[in-house]
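K.L.:
When I checked Swiss-Prot for this same protein, it listed these features:
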TRANSMEM  11-31  transmembrane segment
COMPBIAS  70-84  compositional bias 'Basic and acidic residues'
REGION    70-93  region 'Disordered'
ACT_SITE  Ser181  active site, nucleophile
ACT_SITE  Lys233  active site, proton donor/acceptor
Amino acid sequence: MLNDILTGYGIFILEILTILLLILAVVGLIISYRQHNKSKVGELEIKDLSEEFNEQVRLLRDFNLSEEEQKQRTKAEKKAEKQNAKKRKEKLKKGETLEDEKKACVYVLDFCGDISASETTALREEISAILNVAKSEDEVLLRLESPGGIVHNYGFAASQLSRLKQKGIKLTVAVDKVAASGGYMMACVADKIVSAPFAVIGSIGVVAQIPNVHRLLKKHDVDVDVMTAGEFKRTVTVLGENTEKGKQKFQQELEETHKLFKQFVSQNRPCLDIDKIATGEHWFGQQAIALQLVDEISTSDDLILEKMKEKQVLNVKYRLKKSLIKKFGRQAEESAINIIHRYSTKQSRDFMY
């Protein structure tokens with residue numbers, strides 16, 4: 001009886017130890033993996049859009065074919081592939097290169113801009129990678145969506161696109177929804193701007209809106225001292241008293257920023273009547289083409305389909321690593337934006353039919 005109890009107890013202890021060892025092994029693997037990838041900020045993902053499209057075409061094409069017809073078509077395709085592989089092999093045996101068979105590439109990038117142009121971090125990595133491999137016959141297509149934001153952030157994003165032009169790589173920007181203000185600052189760098197008919201284009205202006213609660217605080221006997229060294233270190237503030245001189249200086253700074261904005265657009269699109277379009281107004285795509293803000297009316301989808309006829313189309317995306325907290329934070333932010341958008345849509349009919 002005692003032997004049975006001891007045997008059972010021993011087996012129980014062994015099971016517990018086995019489970020603990022397995023847990024420790026899993027934890028060790030996780031720690032090792034994290035340490036291995038700790039230095040990686042993100043990673044580059046490349047998707048062959050041409051191959052994806054061809055696969056979709058095959059599926060639709062074969063849908064109405066009989067089983068026998070599908071077999072014959074598949075057999076013919078495999079035969080053609082074998083013949084091409086044989087020809088390539090023979091060329092390599094003769095010491096010839098296959099460079100003449102390689103198609104030129106269209107690298108498709110995506111930029112969805114927020115007020116801080118935060119996707120610039122990924123954009124700079126994508127462009128750096130492309131510049132290391134691109135040839136003169138290759139080109140870049142940027143699918144851009146941005147209503148603008150902070151001046152220096154969008155200036156930096158536009159500078160990243162300028163790197164492509166400096167290296168002689170053709171850049172096309174496709175705007176399906178909006179490229180306004182800082183978004184248009186980026187778009188104007190392109191060799192060609194393609195816009196959807198009702199995409200919002202333009203808004204070449206500068207805006208600043210600052211609330212001031214000084215009188216409210218004063219009413220409740222609350223003093224706020226704003227201490228500065230330098231006459232215009234703080235032109236206007238939220239809490240302190242704003243002087244007329246400070247307001248005038250702030251307005252002057254806005255005008256100077258607007259002047260630089262206009263100069264940048266004029267340098268990249270000299271065809272524009274800058275005084276006519278740099279009023280802060282925006283236009284829909286089909287109006288913008290008459291003002292030469294864009295070069296063609298189309299969508300990014302049609303543009304990509306057209307490029308696929310003669311070039312290999314690759315989607316390049318640099319994905320930044322995010323912690324679990326940041327992922328949840330991003331989801332919460334997107335949910336809040338969607339709620340605000342739904343509410344504002346109910347309250348306003350602007351740009352709605």
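Just so you know, glycine gets a Cβ as well, placed from its N, Cα and C.
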K.L.:
Write out the long-range same-chain contacts of the residue listed as 'active site, nucleophile', meaning residues 6 or more apart in sequence whose Cβ is under 8 Å from its Cβ.
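P.N.:
Listed in sequence order: Pro147, Gly148, Gly149, Tyr154, Ser203, Ile204, Gly205.
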K.L.:
Which of the three DSSP-derived classes (helix, strand, coil) applies to Ser181 (active site, nucleophile)?
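P.N.:
In three-state terms, Ser181 (active site, nucleophile) counts as coil.
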K.L.:
Take the compositional bias 'Basic and acidic residues' (70-84) and count its residues per DSSP category (helix H/G/I, strand E/B, coil), listing them in that order.
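P.N.:
Per-class counts: 15 helix, 0 strand, 0 coil.
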K.L.:
For the residue listed as 'active site, proton donor/acceptor', which residues of its chain lie six or more apart in sequence with Cβ-Cβ distance below 8 Å?
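P.N.:
In sequence order, no residue meets the Cβ cut-off.
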